[in-house]
Structures are given as structure tokens and as C-alpha cells.
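One structure below.
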């Protein structure tokens, strides 16, 4: 019965949205500014139709001149460049991926996450959540996807964890991410053990201005804190067989 | 583009994706104002001698053209800082022999071509700051790379490199070293000398163990290791046959340097003491007789 209620409620919301849009259609997202305005309208409501956001973001056709000022690359890791704070309802961020750069495996803080590729190609590898048991176990890969220019992907915590990377050794990649509600912490997971750690996500630039963060702390790239923990080689003992 | 900030927009010419079949020599009429030239994604198969007409040129991008040959006249450009020729059809011998004469060159990008050998002329380029050689067919890196003392970025991802010369550790300016998607089985411990290294990309190789000294690098904040057969677990159960009392006594005598002569101990013991063997571990100054520690180096699981 609860399932039916959810479905009925979903249908009611869709009906209401349809009426709303018939009265006030969203602006065609011909430019990045149009897209931001339309997204602000969509996210005014408390109920979000994921399909609608997906379609709307797909309609915008990437134009480098419009996002060029946010496209700041770093030699050592991917960057997050804030575009808009969506009246508090979402963060719109441009991510810049140099050749071979990728994220760690992470979750999404119970938020909706949309990713649109603006340039290049991004590969996504999805993983199941680690089990609640104490066991150290390798994370299980579930799906992989490759996203080209203008494609839109969506993820939330119920779908699992993922790693996003630019696998190209010759081309950079740029993506536009929408996170709603906005968050500044993610959980980053160790592929071999399933261990997780909380990581604060920071901005490389905001509204086109570089914003260096005084002390980065751990980041959600693959293993930023490895150098700190230290490790030495270990000897085993074996009797000599004469 | 990251590198172009020193050129005002009016001195940049963008002819990317323009269906060009030939290098636009006619632009040389305005050569005194052209500092940055984008010719990527056309069908320019040869970078001709006419390129030397553009004496003010600082940045040249001729990527994705099916380029097979780069004329030596390129080296006659006194201000050339950036040369990007990625995703072309360049092979061994395609670069001008005199490329090393291009003293102003700071950034060289040859990713996505067909080089099998590291070009000799690049080895001597002591002024080069960034070298992108991803997705080619390199199998080795020459030890002469040590001459590239200003190198800050070295991108070698996506090749077939199976080992690195220890001389890579001499590149003291190196901040970013990318070696992912290769065939490396080990990393020379000399890389621990790279005090300025901030990022090291090693994912998708065949590395079984990492030299522990790498961890000491204070500036290293980005390190990727996934997709390597790094041994995962500590060997937890250490079961072994303990040395005999005779062995322990013998070690005690030898390690403490207790002086003894033939008459001081029974002949069988004297003979026994003469059999002491030096421990193979260079850090250990001890000796052993029968029970020996067999060293297996492996790598702990703090790393993902």
C-alpha cells in the first residue's frame, strides 16, 4: 500500500508540474545563463523531477566561450569551480579534468547529482556500497559508462558509489555538475578495503575567481593522504632449508 | 588555454576546425602581431618552412592534423614557448634534428602520436619545463633525461614503459610525474630524491612493491596506485623454527666481537664459529649460522 501511495504521490506531482510548465514554460537553455535561470525556476519547488532536470540540462549545447572563465585546470588534480549557488537550492560547478586525472570513489551526501559533459569524455565506474559488517572487502564494481560531449548523467546514494575519471592521455575534459541540496562533505572509499573517510570538498575558484584554500586537508582524489601515513617494507621469517 | 595568458586577445589567431589543407602562409603579412596561432583540427599534413616567417610566435598548436613532418624552420622562431602537436601521425625521425636549438621552448606536447623511441634531440633540452608524451609507443626512457633539469611536468601515461632509469630521480624541478597505464614492474628508489614532487600517477601498471622512501616526500599529496598487483596483506603468522642454543651462543660471540683463539674453545666449536656467514641484509651487521631470515619485501595495505 505504501508503494501505491508513493506512486500516486509521484503522479500528482508530475500533474502539478505539467500544469505549472504549461502556464510558465521554462526558457530554452540556449546559453549557460539561460540554463542557470531555468534551473533556478525548477529548483524553486520542493519536489524535483529528475527526468525534467536531465532533459533540461541535455538541451543546453556546450559552448566553450560561455564556460571558459570557469575552466581552470591544475597540473596535479581535477578542480571544482563554482558557477552559481542556485538561490541556496543547488550548487552548479564546473569540474576540470586534466589528462589522466580522476576522482576517488565517493558517495553523494544524500543529494541529487547531475553531471553534464562540456568537453572531452568522462568515464564512470560504479560500485556497490560496502556491507555494514566489519570485514575488509574489496568494493564490488557494478557498471561502467562513458559520457561524451553534452550527455547528462545522474546519481544519488541509493544507486551506489562511483569514480569519475578522464582516461584520455591526450585530451582534457570539462563537466558541469549540479548538486542539490548543496554539500561540502563527501565520503571517500578505499577500493581494496571498503574503508571510508569524510572529506571536505573545496572550490578551486568561485564565479571565475581563483580561491586558494589555505589548508586542503584530505581530498577526494585517489589517495591524497598516503604520503602521511608512512609504510616500511616488512620481512617475513622462514627457516632455511639446508 | 592555460599557457596563453601572456598574449593579448588581438595577437591570437584561431583557425581551429577551419578545414585548412595547408599551413596559412598568407598570414605572414601580419606576422609582427601574431603571437599565438591555433591550427588544431585541420588537415595540415606538413608544418612547412614558412613557419619561420612568424618571428613573434610564442604559442603554436597544430594538434589533430594528421601531421607527419615538422620542418626544421620551427627552430628559427626565437620566441617560441609552446609547441603542441598532439594527436597527429608523427613517428621516430619526424622532429627536426635541431629541435634542441629552440632555447625558448618551455612546453612541448607530442601526446597521441606514434613515437617508439624517446627523441634524442629532446634529451638535451635543459630549458624545457613541461613535456607531454602520453599515448605513444615508448618502451623506455633514456638515462640522458637527467639533462632536462628544468622539467616540472613529465607526462608519460599510456605508453609501454616497463622500467624507469634511476636518472629520473635527478629531475629536481619535477612537480608532476605521470606514469599511469604503462607496464612498470617497479619504481627506482631514486625517485625519493624528487623533493618538489607533488603528484605521482602510477595507476594501471604491474608494480608489485613500492620503495618505502617515496613516502618521505613531503610535497607529495596526490598518488594513484590502483590497478597494480601490490601485495595486500601483512604476513600475520610468523611461524619458524627458533635458532638452537648453539646458534645463539655463536651469534653472541661473533656479534660482540669476543676475542677467542684455537686453544680457547673445543675444536668442533672453533670450526663452528668459523662458519659464521654475514647477513645478506645490508642494513644488518649481524651474522647467522643455520637459521636465516629470508627477506621478502612487500607493501602494506594503507594505500588503496
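Cβ from N, Cα, C; glycine included.
A TrEMBL annotation is a machine prediction, not a hand-curated record.
Record check: TrEMBL places A:106, A:108 at the Fe cation site, and the matching candidate among A:75, A:76, A:145, A:162 is A:162. The Cβ of residue A:108 (Fe cation binding site) lies under 8 Å from the Cβ of A:155, A:156, A:157, A:179, A:183, A:186, each of which sits 6+ residues away along the same chain.
Taking the centre of the Cβ atoms of A:106, A:108, A:162 as the Fe cation site, the nearby residues of that chain (Cβ within 8 Å, site residues left out) are A:103, A:105, A:107, A:113, A:155, A:157, A:161, A:163, A:164, A:186.
With every protein chain in view, the residue among the binding-site residues A:106, A:162 whose Cβ has the most Cβ partners within 10 Å turns out to be A:162.
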